[in-house]
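Reviewing the structure listed below.
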Amino acid sequence: MAEFFDTPGGIALIILAQVLAVVAFVMISLLFLVYGDRKIWAAVQMRRGPNVVGVYGLLQSVADALKYVVKEVVIPAGADRTVFILAPMTSFVLAMIAWAVIPFNDGWVLSDINVAILYVFAVSSLEVYGVIMGGWASNSKYPFLGSLRSAAQMISYEVSIGLIIIGVILSTGSMNFGDIVRAQDTGWGFFGWYWLPHFPMVFLFFISALAETNRPPFDLPEAESELVAGYQVEYSATPFLLFMAGEYIAIFLMCALTSLLFFGGWLSPIPGLPDGVLWMVAKMAFFFFIFAMVKAITPRYRYDQLMRLGWKVFLPFSLVWVVFVAFAAKFDWFWGAFARWSVGG
């Protein structure tokens, strides 16, 4: 039996099992993310939230998913049918394949490539095409305006996210997530992670992640009061479910990136306690809680304010920070906090 797993067929079976494990984790997490998002929003508004289907309403997301699946897919008469159907599939698939390089523990990763950050950045940049396709194929002004807003917004904040990540790459000397996490394993626990030397960038990265994933207060592409529901106006049933799932998976991915880049990934915050996947999952859950709280308590930005914030505040500040980190790493300032090449690599 052991010899079988050394054959091409056995290796392919192992890879398939690993892929299915990651997909299962993301999809099960998705159900609880939607439930948690609704519960947190309800708690802030002093409501109960989902509480009927299952114990404490835990199966509400399953019921909603089944409802969307069994509904009829309605395609507008003037829509481009092929692109209309491909758009949500594109959005969902691109959100899923980004997880191929995300490690949950030391060695627990589908593809441990040296350019993992570049891969995630490339895939996340392509996600805007799903939104644009959906808005254009609907043949309606509201979806089209929403998709144009989304394109401008995602491109604007991708620049800042890229520059912030470059600062982390300069400190580590690697684009591999495993190397970045190991570079934060200094023996100081919570205070040895990158959030401390890169403290200003943590806030910029988090706010840019909100804009990148179209989350409140930056949900301009689907602003109900302005565009009805943006690029999702004409969608229903399974295509709408795929759009929504892709959006939440992208949010969860940003939570994972925040954990890996600045908060030690699977490392324990307390020296002496064992590291492991539970720390990684706990950190991702905590950052999603922050995402949900921001959605519940912040008013929506105006579109011109959103663009001004991205281009006139975040971009210059992140550019200056990259230059600062480059000098700090080169000349070993701040006791080597910005130059951990030997640790990470």
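Glycine is no exception: its Cβ is also placed from the backbone N, Cα and C atoms.
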Where Swiss-Prot places transmembrane segment among the ranges 161-181, 224-244: 161-181
Positions on the same chain near the transmembrane segment (309-329), where near means CB under 8 A and six or more residues out: 153, 156-157, 159-160, 163-164, 166-167, 170-171, 198, 200-201, 204, 207-208, 211, 301, 337-339
The transmembrane segment (248-268) touching the transmembrane segment (14-34) per 3+ Cβ pairs under 8 Å rule: yes
Beyond the flanks of the transmembrane segment (187-207) by at least 6 residues, Cβ under 8 Å: 160-161, 164-165, 167-168, 171, 180, 258, 261-264, 267-271, 287, 290, 314, 317-318, 321, 325, 334, 337-338
